[in-house]
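**Q** For reference, the structure I am asking about is given below.
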Amino acid sequence: MFTKIFDNINNKHPLVHCITNYVTVNDVANVLLACGASPIMADDVKEVEEITSLCTALNINIGTLNSRTINSMLKAGKKANELSHTIVLDPVGAGASSFRTNTTFDLLENIKFSVIRGNISEIKTVDKGSGTTQGVDANVSDAVTELNLDEVVAFSKRLSKRTGAIIVITGAIDIVANSEKAYIIRNGHSTMSKVTGTGCMLSAMIAAFVGANQEEPLLAATAAVCTMGLAGELAYKRIMEEDKGSSTLRTYIIDEISKMTAEKLKEGAKIEIK
Amino acid sequence: MFTKIFDNINNKHPLVHCITNYVTVNDVANVLLACGASPIMADDVKEVEEITSLCTALNINIGTLNSRTINSMLKAGKKANELSHTIVLDPVGAGASSFRTNTTFDLLENIKFSVIRGNISEIKTVDKGSGTTQGVDANVSDAVTELNLDEVVAFSKRLSKRTGAIIVITGAIDIVANSEKAYIIRNGHSTMSKVTGTGCMLSAMIAAFVGANQEEPLLAATAAVCTMGLAGELAYKRIMEEDKGSSTLRTYIIDEISKMTAEKLKEGAKIEIK
Amino acid sequence: MFTKIFDNINNKHPLVHCITNYVTVNDVANVLLACGASPIMADDVKEVEEITSLCTALNINIGTLNSRTINSMLKAGKKANELSHTIVLDPVGAGASSFRTNTTFDLLENIKFSVIRGNISEIKTVDKGSGTTQGVDANVSDAVTELNLDEVVAFSKRLSKRTGAIIVITGAIDIVANSEKAYIIRNGHSTMSKVTGTGCMLSAMIAAFVGANQEEPLLAATAAVCTMGLAGELAYKRIMEEDKGSSTLRTYIIDEISKMTAEKLKEGAKIEIK
């Protein structure tokens, strides 16, 4: 199922331009290398267009948003759109402050994203900024469970239709949806929430996976989500065996990503189509 | 002794707003998750008031101070004071440049801190900015040893009285003092100085521990200091057994914090009251 | 061969002022501690002169260059030159954008560097900004191999003569050259390219090694390069034995640096003089 996806990453070594937060930036760079891609971090408005032109994909993450880099995000995004590059938005904390929410809306208005990844409350904030008028989707609850899964899937498909982006909602259950089809992924382990940056790392990986597989973006994004989830499971198993804690879990998640193959993923992936 | 302290953290999961340096920020975020709290890093002046309002505690660290974030620190601090949040100051490098020293004085003048944590020379700089006129405390030497311990304890109590903040001085021997009582902690291991960020991590943990235990701030701060020290001892023991080095020590310190319990701490804490 | 180099670091504990990128800054700080030095990160124009005055060496890295810190780099560099401190330039990404290239040229024009370290394409960009008029060196290919090694060595010596700096080119084969003599180092392992920051860490280590050994800068820089390479080999061996991946490799590289001695290095170093 994922053989071609992995082959393309390993053959193309996609270069991913990241304008991202300073909290998890090192893990983001290392996870890109681990999965067969390469990172380049550059956020000054004087160089983002040139840098993004060298790349396959652009990953915009608003985790430690500041006034200086908003313009860089907009410029890089527009240039990447011109070049038909893959662009991922990770709207970290959208909804937590009007600054982040408004910036998210600005980015959505000016850039056509290939993928938007967040937790359910961030994606609901994205929904508010994507031109919905009925506001019905605001009823979607703030956690994805087996009980409201169908509702969230339908919401994701509608949002994908409106934005043109693949919607990735991560949590206990992960959803990867375009307007017509959704993959539901039940990999991962709850202890991953003890590690900062698994979301940021995943968004960067999605940029790499989709960037190297532009003809199969939905499956590529799904492969990235499964890889992160399965790596989390394997890492958790190992820290339990070795009586280790949350920082080793972080290390082992990236280790497992660096050792992931299409075969391992096929065996471990817990995917359903809706 | 620490059961209620730990229970409160585990039940309340305090959210800690960090305006901190970019050197150790990832470890700070991970250690907050490890100890049962949650981090949110935000330093833009346009959002710090909103963000800090969502939180239980604010942690201000001047480690890579820059002109852009000083105003953010002041705004966040004033808002957190209005809301009676726990606020910790980590005056990294105060005394090393007039920029850091003056900013420390500005912060002290405008924000009422719950806790101020630093090494002895940073805390002596704080003392200069806290309205002392006699200058006697300047005689306190630059290392805390068994020989000058009583003198430093007396200094800490006086400084606590003047500032209204709990004073935490860390080094080979750690001191946690309010105006009337001081805990002396002899946990930790000298090899911890081979890892950057144990001080920054500790300040963030103190914000979490005190934030979740506002009725017992002195004991909560002491629990945080003991947790870091004991984690360092356990981590050091393990790297020696496994023939590892300073980077694994860093990993294992956070691991041990993620596995710490009130029972383990009771058994391992080396505390004296002065 | 390296006994005195290591002794000087361990006795002098050089303090290294780093103006560096936010991607690898934590690893840079930890590797400096691991090798017996101390880091101080400070990039605000209001304090860089004071901070660099306290130090033995200055390490300038343009990895996430932004307009705010260029002036800080220039001011710190001029002050460090006044004080005859060791100064290292790591022109990360020079050539990838005109912003980085022009900043590199500005730095070269205004600061006299002790060492310039980069990969071959970064160093070729440095060459363009160092007053060459013939442009012959532009013919040097973009990878150093056994086939073009003599040519690259000659290029390095010429560039060293023109700039007055020791030139360090790292890749599969590493070169450390002044105008008359070059050390060729064949330590390291290809898997190190799966870890971000080994170059940044090495530049900081060079600053520490040379700073503590100003009378033997070429040998000191060579010791730093060998240390990183040998640490990579030992770390790679260990992750293979333990079935681990790229993030543990990162951890073990720093571990091995923290355990490195002159004796181990003598045994493991693969050095040739040209």
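Glycine is no exception: its Cβ is also placed from the backbone N, Cα and C atoms.
What TrEMBL shows for this protein is this:
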- C:Met41, C:Gly197: substrate binding site (BINDING)
- C:Arg117, C:Thr170: ATP binding site (BINDING)
**Q** Can you name the residues of this chain that are 6 or more positions from C:Met41 (substrate binding site) yet have a C-beta less than 8 Å from its C-beta?
**A** C:His17, C:Cys18, C:Ile19, C:Thr20, C:Val25, C:Ala29
**Q** Are there any residues in the same chain, six or more apart in sequence, whose C-beta is under 8 angstroms from the C-beta of C:Arg117 (ATP binding site), and if so which?
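**A** Within the chain, C:Arg117 (ATP binding site) has Cβ neighbours under 8 Å at C:Val88, C:Leu89, C:Asp90, C:Val168, C:Ile169, C:Thr170, C:Gly199, C:Leu202, C:Ser203, C:Ile206.
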**Q** So if the criterion is CB under 8 Å to a CB of chain B, which of the binding-site residues C:Met41, C:Arg117, C:Thr170, C:Gly197 qualify?
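**A** Near chain B - Cβ to Cβ under 8 Å - we find C:Met41.
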**Q** By the criterion CB under 8 A from chain A, which of the binding-site residues C:Met41, C:Thr170, C:Gly197 would you report?
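**A** Correct list, in sequence order: C:Gly197.
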**Q** Using Cβ-Cβ distances, find the residues under 8 Å from C:Gly197 (substrate binding site) that belong to the same chain and are at least 6 apart in sequence, listing them in sequence order.
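**A** Correct list: C:Val23, C:Thr24, C:Asp27, C:Val28, C:Arg250.
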**Q** Please report the number of other Cβ atoms within 10 Å of the Cβ of C:Thr170 (ATP binding site).
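**A** A 10 Å sphere around the Cβ of C:Thr170 (ATP binding site) contains 25 other Cβ atoms.
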**Q** Would you identify the secondary structure of C:Arg117 (ATP binding site) according to DSSP, in three states?
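**A** Reduced to three states, the DSSP call for C:Arg117 (ATP binding site) is strand.
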